[in-house]
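S.K.: Please find one structure pasted underneath; my questions will follow.
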Amino acid sequence: MSSSPVPGTAREDAAAGLTEPLLANGGGGFHDGALATVVVANANGGGNGAKEKGAAAAAVKAKDGYWVDVDREPAAADLESGGGDRPLLFSNKKVKAALLYPYRVLILVRLVAVILFIAWRIKHNKSDVMWFWVTSVVGDAWFAQSWLLYQLPKLRPIKRVPDLAALRQHYDDDLPGGGGSLLPGVDVFVTTADPVSEPVLYTMNCVLSILATDYPVDRHTCYLTDDSGSLVLYEALVETASFAALWVPFCRKHSVEPRAPESYFQLEGMIYNGRSPGEFMSEYRHVQREYEELKGRLEMLPSTIKERSDVYNSMEASKDGGAEQATWMANGTQWPGTWIEPTEKHRKGDHAGIVKIVRNHPSCKPAEAEGLQASNAANPLNLDGVDARIPMVVYVSREKTPGHEHNKKAGNLNAQLRVSALLSNAPFTINFDCDHYINNSKALRAAMCFMLDSREGDNTGFVQFPQRFENVDPTDRYGNHNRVFFDGAMYALNGLQGPTYIGTGCMFRRLALYGVDPPRWRPADDIAVDSGRYGNSVLFLNSVLAALKQERRITPPELDEPFLAELAMVVLSSYDHGTEWGSSVGYIYNIATEDIVTGYRIHGQGWVSMYSTMDMEREAFHGTAPINLTERLYQIVRWSGGSMEVFFSPYNPLFSGRRLRPLQRVAYLNFTIYPVTSVFILLYAFCPVMWLIPSEILIQRPFTRYVAYLVAVVALVHAIGGFEIRWAGITWTDWWRNEQFFMIASLSAYPTAVLHMVVKPITGKGIHFRVTSKQQTAAAAAEGGDDDKYADMYEMRWVPMLIPAAVVLFSNIMAIGVAMGKAVLYGGVWSAAQRRHAALGILFNVWIMALIYPFGLAIMGRWSKKPAILFVLLPVAFVVIAVVYIGLHSFLVKFLPFMVI
């Protein structure tokens, strides 16, 4: 694509000087055009970028239209202890009474309506199939309690907005008497499991966004935790750290947003907010060129490593005749992790532990850019007065040994937690999946507003940010954005003990991960720090004591032999054995959804959590979602199956978590049992098959009143949803997509998870951890074209769990067609009641079809690029089935009358 420069006359000489070269170049290419847009928008205060920014600001303001500020003073305990001098660093907002009270009343009305509906059904226990009637009544009762568990925690939604200005005033550089920042340290973890399924470019963009974030450079450290032990990822990290020496100061000088280069260089209509517009264009082009070269080197790494290894292996073979096909590092030593040619001690699931400091800790004083320029005469960036340092960068891959349980992502994070304790021991940690990046460079500061606040700051165990995705199709066909949860349910939990942990974009207090009680529950002098709980590393035990005393470490320790031996110890595959890691310490083991159960364990100890709403036009983090339906459903199977595993584990919300607040317990209970609802939904979804039976079969009599009650109960759900849409700031489309995908998942992923839990006692196996592929398939890319960014969405990959959904879809299509045929044949002889029953039955069919409409599009494959075609194909299918039914009926009447009922 190309973007032409913004037309118009520059009113300032600086703007004219900047735009002239681009105009002379004819807008040569996408990035030149984007640059012109940036500069003109900055010079004239307008342009598309300004309009987009204004629209975003207006959207934020519109979202807040149903919220009002809550005035809160420092907590009484803080005032008594002298903590009243600490600042208030975030504001609370609640839903306006004019919206909240009718919302609560409507919930009560529906609760009464559901109770009356079930009571009416039990009183009128008349049905043509009694076993089905009994099952449906049980299903209705389950729907009612499931809805109630979901709705009760949403009675008091709260929005929390960080005050970045107050944080900067009290903790940052411009402090009375001078001195550096007072912000505490943060250890940032990036987790990856496979450089193929999780593309290296995504991972390195995540790393770059972390290194360039707006946080004191000596107060945060980036750890890449590679669970595959791949040399490709290590050397990619080395290349990325080298490029960061250019990218990070460029971002600081020009106030770049976002600070992931892949996303930044694709922007159009940007607004320049930096300090040097006159130098921006040439520096932008230079950095972009360097980034393209970095991408080329990253893409070539597998072949580069293979060629290098072949050379070294041939040299070794010529020396001693050995045939070992090792993988070699650039420094001429064998890689201790997995090899290209797998062999014992060098393959997935069997390799040594690795900890390598890729970039040392920066000095405490800012390093001006002269040294950078002097070492690279070809560098055209003028970085005078810009801090050119980058944070410490560390590569970690834990040891894996056959026969040992490695505990998937939870084990990976726990090993990283121990390594970071020895190297930096920051009081806070934040973890990212490798396909996410920091979209707002002030995100870490936003989290700190909650951790350092004078009210609940010391008792806040973690701060969760919403997940946002940028590769989702504009219609969000498969509900990837999930805004009903992230902008509705999570605000509701904010009004209780706090949101649950959702796996990525979450900042933890290190002590909360260590299983230490919050200050309000913690005895000052009775904290056990022993090897039976934390393992045998003396240095790690010392780091736990230092964390308890809130000691700050600015520079890492000396890397002598004893220290390196301790580093190697804490990444051993056997380190956890005989300790409380994975149970009461760190991330929890033996549950597929380690995130939910870890958050539950922390809440159960009495910690609170916060849900951060940046309330700015730029969201905190962006990620990549699986837009292929099969991959999306595999993800849902793991989430829902893992949630049910929690119910059957020692972390069952009914019996554990001694300090959970009542409604928080209700919310967690709902998290652990909601997939069971799919069993009854699946049963109802097969009701249309009754149309295929010649005689009339009704689930409940009187049928008309039953359907009327059912419609009223369902309508109340959507009326309540209308209120939630307003205070959550989402759209009806978001709500409807959520309804559709819940139905699709209830016919595929959720029953699969339930079935797994049924057979688990027999097989003894937990939910299989499957890395969600982020790669677009070659076939999809080839058919869709290089510029088809949603090509993967149109690929239908059939797996067994899709069979029930397909059967429901086709049985409903057949039922509607048969109903139309019956109407033609018998319409004249049907009674008024029969015609009414037929109309209501078809209404039910159509409702199910509307809910599983995205599944119908998925079946169409590439034809679904034009969704309207389904509105043509379905009526045609109905008519064809009706004609076939009429023809078959006529044939039977004429030749086989005894078969006609």
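These residue numbers are counts, starting from 1, taken along the chain as shown.
Each Cβ is built from the backbone N, Cα and C atoms, and glycine gets one as well.
Okay, these came from TrEMBL:
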- Asp227: active site (ACT_SITE)
- Asp595: active site (ACT_SITE)
- Glu198, Asp227, Lys408: UDP-alpha-D-glucose binding site (BINDING)
- Lys409, Asp433: Mn(2+) binding site (BINDING)
- 101-119: transmembrane segment (TRANSMEM)
- 131-150: transmembrane segment (TRANSMEM)
- 666-686: transmembrane segment (TRANSMEM)
- 706-729: transmembrane segment (TRANSMEM)
- 741-759: transmembrane segment (TRANSMEM)
- 802-825: transmembrane segment (TRANSMEM)
- 837-856: transmembrane segment (TRANSMEM)
- 868-888: transmembrane segment (TRANSMEM)
S.K.: Assess whether the transmembrane segment (101-119) lies in contact with the transmembrane segment (706-729), where contact requires at least three Cβ pairs under 8 Å among residues 6 or more apart in sequence.
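M.R.: The transmembrane segment (706-729) and the transmembrane segment (101-119): touching, yes.
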S.K.: Excluding the flanking five residues on each side, which residues at least 6 beyond the ends of the transmembrane segment (706-729) place their CB within less than 8 Å of a CB in that stretch?
M.R.: 62-64, 66-67, 95, 99-100, 102-103, 106-107, 109-110, 113-114, 117, 120-121, 147, 151, 154, 157, 483-484, 487-488, 491, 699-700, 735, 840, 843-844
S.K.: Using only the Cα atoms of Glu198, Asp227, Lys408, which the record gives as binding UDP-alpha-D-glucose, return the largest interatomic distance in Å, rounded to a whole number.
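M.R.: Farthest-apart Cα atoms in Glu198, Asp227, Lys408 are separated by 15 Å.
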S.K.: With every protein chain in view, how many other Cβ atoms are within 10 Å of the Cβ of Glu198 (UDP-alpha-D-glucose binding site)?
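M.R.: There are 23 of them.
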S.K.: Round to the nearest Å and give the CA-to-CA distance linking Lys409 (Mn(2+) binding site) with Asp595 (active site).
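M.R.: Approximately 10 Å lies between the Cα of Lys409 (Mn(2+) binding site) and that of Asp595 (active site).
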S.K.: Using only C-alpha positions, which one of Asp227, Asp433, Asp595 is spatially nearest Lys408 (UDP-alpha-D-glucose binding site)? These are the recorded positions in the record.
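M.R.: Nearest listed residue in space: Asp227.
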S.K.: Let me know the most crowded of the binding-site residues, choosing from Lys408, Lys409 and counting other Cβ atoms within 10 Å.
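M.R.: The residue with the densest Cβ neighbourhood is Lys409.
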S.K.: By CA-CA distance, flag whichever of Glu198, Asp227, Asp433 among the recorded positions is nearest to Asp595 (active site).
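M.R.: Its closest listed neighbour, by Cα, is Asp433.
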S.K.: Using the alpha carbons only, what distance in Å do you get between Asp433 (Mn(2+) binding site) and Glu198 (UDP-alpha-D-glucose binding site) once rounded?
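M.R.: The Cα atom of Asp433 (Mn(2+) binding site) is 10 Å away from the Cα atom of Glu198 (UDP-alpha-D-glucose binding site).
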S.K.: Give me the Cα-Cα distance between Glu198 (UDP-alpha-D-glucose binding site) and Asp227 (active site), rounded to a whole Å.
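M.R.: Counting only the Cα atoms, the answer is 12 Å.
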S.K.: I want to check the contact list for Asp227 (active site): same chain, sequence separation of six or more, C-beta distance under 8 angstroms. What comes out?
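M.R.: Set apart from Asp227 (active site) by at least 6 residues yet with Cβ under 8 Å, we have Thr191, Thr192, Ala193, Asp194, Ser397, Arg398, Lys409, Asn412.
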